[in-house]
Each structure stands twice: as C-alpha cells, then as structure tokens.
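Report on the structure given below.
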C-alpha cells in the first residue's frame, strides 16, 4: 500500500502497511487512536511529527596485486517511518506440534524428507552458561591432526545416532533438518496459518544461524566428552583460505560429501563473485573487492548489513543484508552440485545442512558479523528495536532439552563462550583504486534510456539506465533498487556498476563497482520474493572522481537467471539517517 499522509495543525503522520496488506481502517482517525489501532493489528508502522516534514540530511591504500602476491529495502524520504517507531511484535518461535511438510522448490511437491523435529511439551527458557574460558574456533586451513581426528570422531558419533535412535534430536539428519524446517516452509508463523516462518532474507539471518551453530557445536562436544570443542571456520575471505578446506575433501572421511561441485575441489579457489573467471589472481582480487564492498563500501545503515525488519504477521523475506546476499550466497552456490536438480546439498536451503561444510561456511559468516561490529565506520552496529531483540527460536540443546532462545542473548558471541582464531583480514584495506581519468557523462549516456522509460525491468540482458541524482557531484547518496521480484526457486545474481564504460565487467576491483544482488533457491508459498536493496554511493563517487553531474549511468549485469528477475524501480536518494 502506498503511504497515505494525514495532517492537522499539530501533526503530520504517515501510515505504512507492513507488507501491502490492505486495511479496512479509514484514514481519518486521530493520531492517538491510530497508534492504538496499530498496536492491536500489528499491521501498520506509524510516524508522526509536529509542524512540517523534515527531510533526511542530505584511507589507507595498498598496492593490491603486491598485497595478494605477498599473502601467497527501500529507503523512504521525508515521511519514512524509523524502525524504532514501529508498532508491531517480534517473531515467535514455531510450534513444533504444528510442523508441516517442506516442499520441492519448483513443483511444490512434498519433499522426500520429513523436516519436522521431535515434539515435546516441555520447553525451557535457555540461560547461557557462565563463561570461564573461551572456546576458540580455528581457521579450517590451519587445524592440527589432533583437531581433525577429534572433529571426525564427533561427526562420526553424530551420524551414528541416525541409526541408533533416529528420533534423537542431536542426530546428524535431525540437525540438518533444522535448516530445512525453518527455511523451506515447514513452520508457519504462530497465529498465522499458511504464512511461512523464514529465517533468511531479513534481520533474523545472523542471529538464527549463530544460535544454530552454538548448539550444533555443543552437541558435538558432548558426544566426545570435550566441552572445549569448537567448530572450524572456512576462511574464504582470506587468500590463504580460499580453497575448500582439505579436511572436507578426504574420501572416506565423515566430513566428506559427494554432493559437491567436483570441479571445485582443491586446489580450486572459491569465486565469491561467481563470475566464472579462470585467472586465479583475478579471482582473489574479485573476492577481496566483494568483501570490502559488502562489509564497508556499500553499507549506509545497520539494516543494509543486517537485513530488513521482519515482524510477526509480516510476509517472509523482506530483504537480505549485504553479507547474506553476497559472500554467503556465493559459497552456497559454489559448493552445491550442479548435477543435482537443485544443486543439493549446499546449493539449496532444504539440503544445505546435510553437508558438514555448511557449518564451517556459516562459522565464517558468523565471524563476519563479529568483525562488522568492530569496524570503525559511521554506521551503528547493533539493532535496538525490541521486535528484533525479542524475536525467538526453538532448538534442542546437547542434553536433548527443547529450549527457547532470544536474539538479544546472542549479540555478543563472547558471552556465548567462544571466539575466533585470529588471522589477517586483507580486505579491510581493499578500497578500489581511483579512476585515472574522469568519465564524462555525455560520453557514456548516448542512447541510454531514462529509468521511467525502462522500469519495471525484466533483467533478460545487460541494461544501462540513466538515473537522476538527488544532488550534483560528490553528494552523500544511496542507490535504491526497489520491488525486486524474483523466482524464489532459482539461483539469482546480478551486479551493479555506476558510470562504467565496460558493459560486461568481470573485474570487480574497480571504482565503478557498486554491489551485488544474489539469492539461494528456496521455497515460498507463491514462489515469488519481493525485496529491495540499497547501495551507498558516497565512496564510489570519490573513487570515480565524479564531475558536477546531476545524472549517472547505472549498469545492471545479470550473472544468473536474469529472466527470472523483474526490478520495479530505481532511484538515487540522499543518504538517510544511519540509526539502527
């Protein structure tokens, strides 16, 4: 629903539906009554201010190749509601007794696996145990023989539970099915029949997976009677760790999985840009550019990194954060077996947990969250909205007890009793080099259509579009791609460039690279996802040394299944406030 504005002598209010759900309420209520109704319905976000509307206010470099060789949704304008002003309620944990079927991502047929967990009537509110010594998660490419033996034995015992007692919630398939149930439609939101509970594509992404790995790790430690045991992380953001860790590539090991892309076994380097480049050095360069962009350069607000708000009664998948749709998706797709219908195991949500490498991958995703919270940027690092902090999940712990956990208790990973092996983070200094010469807008805009003439746009081919800026030259601005409708059953990826003279750039270590959109195939009720992405342009403008222009040329490059993407609109707006 479009925003509808009400004004009085004392108030100017904006009402936004949570996800295009019509309301029978007339828009003539007083502001006080409107807020009351909004609390009851959990449908509207309301913002009021007195008087007139307020518009939002409008380093270290290295030689990149030498460094590598040495290493071996949518922002509104004046009336947009801030999340702290929203009247809603947090996502509740699912009711296991009402768990349903998970379905095939394309045919909607019932999957040949029961994703539902064992049911018990007893649920315990989980309390984090006291921390005496931190468990240290090691980088997978640096682990010792002793650690490998311990890890293999723990997984061997977890897999043995599948045969000894298939209903034991600590068993390998029971643990794998947690991801299937929470991500492929088996759980409905409490109180909303047939409305999927989805832990991806929103601000729940990081906290859900942090809790998931926390209990997985503790279960493994319990099975080998070692409370100090910790999961390894796949250090794919560092050139030294960009191969699939060799501990997962030994045939006959319990860590091995045949359902992987066999062309990506070591010594192949992971391609976080998924650009199908054969030059290993360019792969590493692109990977570092992807990391710098998703962690620093394109992020204008907390939600840009963490993901869009997702509250009780909301439709699933409101929008991914930069890390989720970037390196996270890339690793899933790169590992998954292209010979399987849906790139099982890692290449699809329902089957990803069947590959031990999934947990190693997500340990590094979790590490990215911990690193991001320490970055010295102008973006707040933590979400303070109570609807985020009070969102809850259910897991079985190492003692087979069903426990309820909240997001608020997992913000600080050290309070959960673990930390990460310290390694170099080369992408921190990977800002693209400045362009040697300015690009004249008149030289690249000839024949380029305006946004209003192109959108909605089905991204079947590389598209260049002329987009007006909100201010001239090096303004503090954000590029917004809105109402991106995708076929949720497909792997989707496209890249975004600004004022790029190359129509099909595969080299991402360039000033014109603005960011990426990507998704892992998953199941939704109507097979469609609609989301928005926001890409900060402030640093990009500096690096391309933009002239005193009032328009830019944006290039959209489909990398996978562009025909299954329709972008509703594109615009450039002043950088909104960065509060969480």
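Any Cβ shown, glycine's included, is placed from N, Cα and C.
TrEMBL does not curate its annotations; it predicts them automatically.
Sequence annotations record features per position, and here TrEMBL assigns disulfide bond to 99-116, 115-180. TrEMBL lists 179, 200, 209 with the feature Cu cation A binding site. The feature domain 'Tyrosinase copper-binding' is assigned by TrEMBL to 200-217. Residues annotated as Cu cation B binding site in TrEMBL: 328, 332, 362.
Feature annotations (TrEMBL) mapped to structure.
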residue: 99; record: disulfide bond; Cβ contacts under 8 Å, 6 or more apart: 115, 116, 117, 119, 181, 186, 187
residue: 179; record: Cu cation A binding site; Cβ contacts under 8 Å, 6 or more apart: 212, 349, 350, 352, 353, 358
residue: 200; record: Cu cation A binding site; Cβ contacts under 8 Å, 6 or more apart: 183, 317, 320, 324, 349, 520, 522
residue: 209; record: Cu cation A binding site; Cβ contacts under 8 Å, 6 or more apart: 199, 362, 365, 366
residue: 328; record: Cu cation B binding site; Cβ contacts under 8 Å, 6 or more apart: 361, 365
residue: 332; record: Cu cation B binding site; Cβ contacts under 8 Å, 6 or more apart: 346, 347, 352, 361, 520
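Listed in chain order, the extra residues whose Cβ falls within 8 Å of the Cβ center of the Cu cation A site residues 179, 200, 209 are 182, 183, 199, 205, 208, 212, 349, 352, 362.
For the domain 'Tyrosinase copper-binding' (200-217), the DSSP-based tally of helix, strand and coil residues reads 13 helix, 0 strand, 5 coil. Residue 116 (disulfide bond) is surrounded by 20 other CB atoms, counting those within 10 A of its CB over all protein chains shown. Same-chain residues that are not part of 328, 332, 362 yet have a Cβ within 8 Å of the Cβ center of the Cu cation B site turn out to be 209, 324, 327, 329, 331, 352, 358, 361, 365, 520.
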